[in-house]
Each structure stands twice: as C-alpha cells, then as structure tokens.
Amino acid sequence: MYLVTAREMRELDRYTIEEIGLPGIVLMENAGRAVAEEIFLRFPKPKTATVLAGAGNNGGDGWVVARHLLDRGWKVHMWFIGSKEKMSADAGVFYQVCCRYAPVWHYSDGQKERLFRHLAEATVVVDALLGTGTRGGLRPPMDEVVRRLNQTPSPFVVSVDLPSGVDADTGAIENEAVRADLTVTFQYPKWGHYLRPGANVRGKLKVAEIGIFSGHEKTEREPRAQLNTPCLWQEYAQPRQEWAHKGTYGHLHVIGGAGGMLGAVVMAGEAAYRMGAGYVTLTVPESERLALAAKVTQQLIWSWPGQEVFDAGSADVWKEKRERFSAVAVGPGLGRFAGEEQWLGQLMEEVEVPLVLDADALNILAAHPSLFRRRKKGAVTILTPHPGEMARLIGSSTAEVEVQRHQVARQLALKTDMFVVLKGRYTVIAFPDGKQVLNPTGSPALAKAGSGDLLTGMIGSLLAQRIPAEKAVPMAVYLHGKAGEIAGPSSHGVMVDDLLRAIARVRSTTVPY
Ligand SMILES: NC(=O)C1=CN([C@@H]2O[C@H](COP(=O)(O)OP(=O)(O)OC[C@H]3O[C@@H](n4cnc5c(N)ncnc54)[C@H](O)[C@@H]3O)[C@@H](O)[C@H]2O)[C@H](O)CC1
Ligand SMILES: [K+]
C-alpha cells in the first residue's frame, strides 16, 4: 500500500478527474459514504451527530456524511465554519443538498454557545474542517472550535482524511489539532498519519477506497513510499520447507561485545537463530572469550587476538575466514577503541557480503565520515540508527531528526548508497534508490536495552539466508515490531527473552494476508 504526500494525493486526484474523467463529486460522495459506513459500523442505531464542515473539499466530504446520517434517521447538527465565498464548487453541491434536508448553522460569535451545546450533546462529532489543504496553524475561529471540541469529553470523534490541524506530510501540529478516536483517510495513508505528533491524535486509522485511478503504478506518477505489510516480502514469509544442509540457511557473523556489553552480541546471535540462520558466529575481544563461552551454547565463538578492546591489527583475522560468512553485523556492544577508524575501514572494504552497521559502528562512522567511501560500489550495506545515532551521522540534533524522519533517512540513503533503517515509533526504511517503506508495527515493549541488538540480528539473519536486502530489511523490521506487539502492550514486565520467544513465533507464523 502506498504512503503519499499531500501533493502526490492531489496529483492522483487530478489525474483521476482530468485524465480519467471521473468527476470530483463522485470521489467526494464515495469519501463521505466511506466515513458514514465506518460510523454505522460502530453505531448501528440512529444517534445524534454534530458535523463540523470547512469551506474546502474536506468540508464537502462532511456534507456527504451528514446526508447519509440523516438518511439513516440520525439527528444531525450541521455547522459550516468558514466563508461561503471560499467554498469549493464540489463542496457547494453537497452543501446545497444538506440545506434542503435540515437547517445548516453558520458559525459566528453569536452562535458560540449553540455550537458548544451541540458538541456536548452529540454521540458522534464529524471533523470535516480541514484535510490535506491545511496551511499552517488553525486560523480563527477554527482554532477555538477545535479547542472546545477537544475539551468535550463525551463524543466519539471521527476525523475526515486527517485530524484537522495536522500537517499531511509531516504530522506537525502548529497550534491546535482535533484529537480523533477514528480517522478515515482516502485511497492511501499519508505520512502525517504516521509521524508524530499527528500519529498520536489520529486514533484508529481506516483507509477507504474511493475510486482513485490505480493504474499509476506503471507510470512516473508512482508514489515513492510504501507502508510495510507482509505483501511486500510475502515470498519469503514462509519458512523454506526443503530439508537442506544448515549451510543453506546461511552463516551470520556478529562482531561486538566489548567490555561489559557481551549481552548485546548474544542477543543479536539468538535473534539471528530464531529468524532461521543456519550458523551464527559471535566475535568478541579475546578478553571476553571465556565469559562468552559461559553464556552461549549454540553460537560459534570467535575472538580477535588483542587486548581488552579490538585493536587495529585484529581485522587481519578476518582475511582467511571471510568466505564462510554470508552476512556480517558489526556493532552490538562494540564500544569505541584506539585504531577504530582503520579497523572498521578495513572491515568495510574486506566484507563483500551484506553488512549491517549498528550502535558504535555507526558512531565510528559518524566520527570518521570518510569511512563511507570504503565500501565497494554495489556492496549491500544497512545502517540501523536510532534518532540519536542518526543525528550524529548527519551532524544534526535528535529533535531535528525527529521532525523530518523520512526526509533525513532518504537523504542519507541516497548520499551513501546504503539502506537506512531509522528506528523509532514507526521505523522508516530508506532504500539506496530513494524508495521508502514506513513500518506500522511496534509497541512500547521494544523501548528497552537490547531491542536494537535483536533487530540487528534479525536483519543480519535474513541477509545471511541470501534474501535480497529490499525484502530482508522490511521483513525483519516488520517482524521485530510484531514481536514487540506480541510480547506486550507496554514495556512493563517485558524482558528481552520475551521478545526472543515472540520473534520465534512471528517468524514461523507470519503469512501474507
Ligand atoms: N482524492 C482524495 O483524497 C479526495 C479528497 N477529498 C477531500 O479533499 C480534501 C482536500 O480538499 P482541499 O479543498 O484541497 O483542502 P481542505 O478542505 O483540506 O482545506 C482547504 C480550506 O481550508 C482553508 N484553510 C487552509 N488552512 C487553514 C488553516 N490553517 N486554518 C483555517 N483554514 C484553513 C483554506 O482556505 C480552504 O478554504 C481532502 O483532505 C479530502 O478530505 C475529496 O473530497 C475526495 C477526493
Ligand atoms: K478533517
């Protein structure tokens, strides 16, 4: 399923109306009808509703909703909030129809108390004030109406297309935004539905088909971003049935586990096995070797000769054994060390199989940006930063990263020709060719130490199994989020072991729907 910007949606809208010839009011009728159907699903018996409609086409959808509610015997208080002369032509058609059904109130100062009363007595309030045409913060009197609606606890609030006040592309809220219980959007979700704070106020999201031309997949109109669903990688969702030698299932090499962060490589290794890797080798500094041997049974153990931390010479060990591995993951518990730049540079140059760089491997990259050029052209590389690591990689701040997540991820992916997995609530995956996938799965249960190590192991495992990166990365991110959802709705009481068990479950049960 595509994820679109407001501009891309307008272009698809225009193409459908002008090139394909489907009139805009047909789309509007379908949109409003879809919202009404979602209301009837939740409230099968007629109730009281208050519909708030703006002057644009979002308001037009609202008039259609009002008419369907009236047709079903609902009591509907209809409010127009805007200036008549600015009303769009399509909205005007349905506004006129509604005026023949029942009185339509026009918000003005004198009507304030009546509107507030209508908000309080409504079972359902339909927010059709603003949609993808929102520019900046809500202007009076919309800001006051929305503030009052948000202070009215009783009604079930249904937002049309977007909660009014949320920016369709960034999820930003400049001053006020409707806090919805349900948002019904049309044809494709928008970035603003999945970027905070917009993602926090949209309630449940339903995507309704309204007749937008879908043939654009084969034209340059194809939107660049997709929502991550099993349909994107379903051919790999089923574990392979053939009974083959364990070497068939790949060999992941995880490097890290320096001073006191041994658990990081163990968790990455365990997650890799649960995702189906045939072999996992963990490489840690010599000094950690015995401690590691006491902790693991099924992972092969390697260690770099050298001191407490990785020393620059240890990458030589890599040379004679590198052909064993079908993927490498560097970073879990790696730490920082003298000679890190030369060590990582040599490894990036030597590793010809897919390479995942996480945690301190990213921090070393951030400290020595010339390392980006050490990867051979076409060598598959996956960066898995959390927002703080991303900020260091691009010389920005975490706050800056958080307000333009998909842009910064895409820019870095294009600049480095690498896959960028920007973790967080709704992880963004940027491909080296500029495509993007937004991941909708996840739960607060993932917000704990070790969760990132698990993801590194999961991505590395699927790459080691020779699944192409454009499938392996979205699949691992999706399943990692699903495992978090299974482990629990909150971080209370969830340990990494619970996540590991959940990973095993989702890997063997996730089938495309
Ligand atoms: N293909 C589809 O997705 C369809 C979408 N539909 C609906 O159309 C809206 C987009 O309509 P548009 O007229 O472009 O914009 P809006 O209705 O969102 O708003 C424009 C309206 O609002 C005023 N305005 C803009 N910013 C502000 C502000 N900050 N404060 C106050 N007022 C503001 C502006 O002056 C205009 O008057 C989309 O969301 C869908 O709901 C179609 O109905 C069907 C096809
Ligand atoms: K709206």
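Residue positions begin at 1 at the first shown residue.
Cβ from N, Cα, C; glycine included.
The (6S)-NADPHX binding site annotation in TrEMBL covers 57-61, 131-137, Asp161, Ala264, Gly333, His386, Asp453. The K(+) binding site annotation in TrEMBL covers Asn58, Asp127, Ser164. Here TrEMBL flags Lys423, Gly424, Arg425, Tyr426, Thr427, Gly452 as AMP binding site. As annotated by TrEMBL, domain 'YjeF N-terminal' applies to 9-218. The domain 'YjeF C-terminal' feature in TrEMBL is assigned to 229-510.
All protein chains included, Tyr426 (AMP binding site) registers 23 other Cβ atoms within 10 Å of its own Cβ. Recorded residues Thr427 (AMP binding site) and His386 ((6S)-NADPHX binding site) have their alpha carbons 9 Å apart, per Cα-Cα distance.
Comparing Asn57 ((6S)-NADPHX binding site) with Tyr426 (AMP binding site), their Cα atoms are 29 Å apart once rounded. Taking the Cα atom of each, Arg135 ((6S)-NADPHX binding site) and Tyr426 (AMP binding site) are about 24 angstrom apart. When Cα-Cα distances from Asp127 (K(+) binding site) are compared across the binding-site residues His386, Lys423, Gly424, Arg425, the shortest belongs to Arg425. Other residues of the same chain near the K(+) site, with their Cβ within 8 Å of the Cβ centroid of Asn58, Asp127, Ser164, are Leu52, Gly54, Gly59, Gly62, Ala128, Leu129, Leu130, Gly131, Ser159, Val160, Asp161, Leu162, Pro163, Val178. Proximity to Gly452 (AMP binding site), judged by a C-alpha distance within 10 Å, picks out His386 from the binding-site residues Asn58, Gly60, Thr132, Asp161, Ser164, His386. Each of His386, Leu422, Val428, Asn439, Gly442, Leu446 belongs to the same chain as Lys423, Gly424, Arg425, Tyr426, Thr427, Gly452, is absent from that list, and has a C-beta within 8 angstroms of the C-beta centroid marking the AMP site. When the alpha carbons of Thr132 ((6S)-NADPHX binding site) and Ser164 (K(+) binding site) are compared, the span between them is 9 angstrom. Taking the Cα of Asp161 ((6S)-NADPHX binding site) as the reference point, the closest of the binding-site residues Asn58, Lys423, Gly424, Tyr426 is Asn58. The binding-site residues near His386 ((6S)-NADPHX binding site), taking a 10 angstroms Cα-Cα threshold over the set Asn58, Ser164, Lys423, Tyr426, are Lys423. Taken residue by residue with DSSP, Asp161 ((6S)-NADPHX binding site) is part of neither helix nor strand, so it is coil. All protein chains shown were included, and the count of other CB atoms within 10 Å of the CB of Thr427 (AMP binding site) stands at 26. Cα spacing between Arg425 (AMP binding site) and Ser164 (K(+) binding site): 22 Å, rounded to the nearest whole number.
A Cβ distance below 6 Å to any atom of ligand 1 is met, among the binding-site residues Asp161, Ser164, Lys423, Arg425, Thr427, by Asp161. One residue stands out among the binding-site residues Lys423, Arg425 for having the most other Cβ atoms within 10 Å of its Cβ: Lys423.
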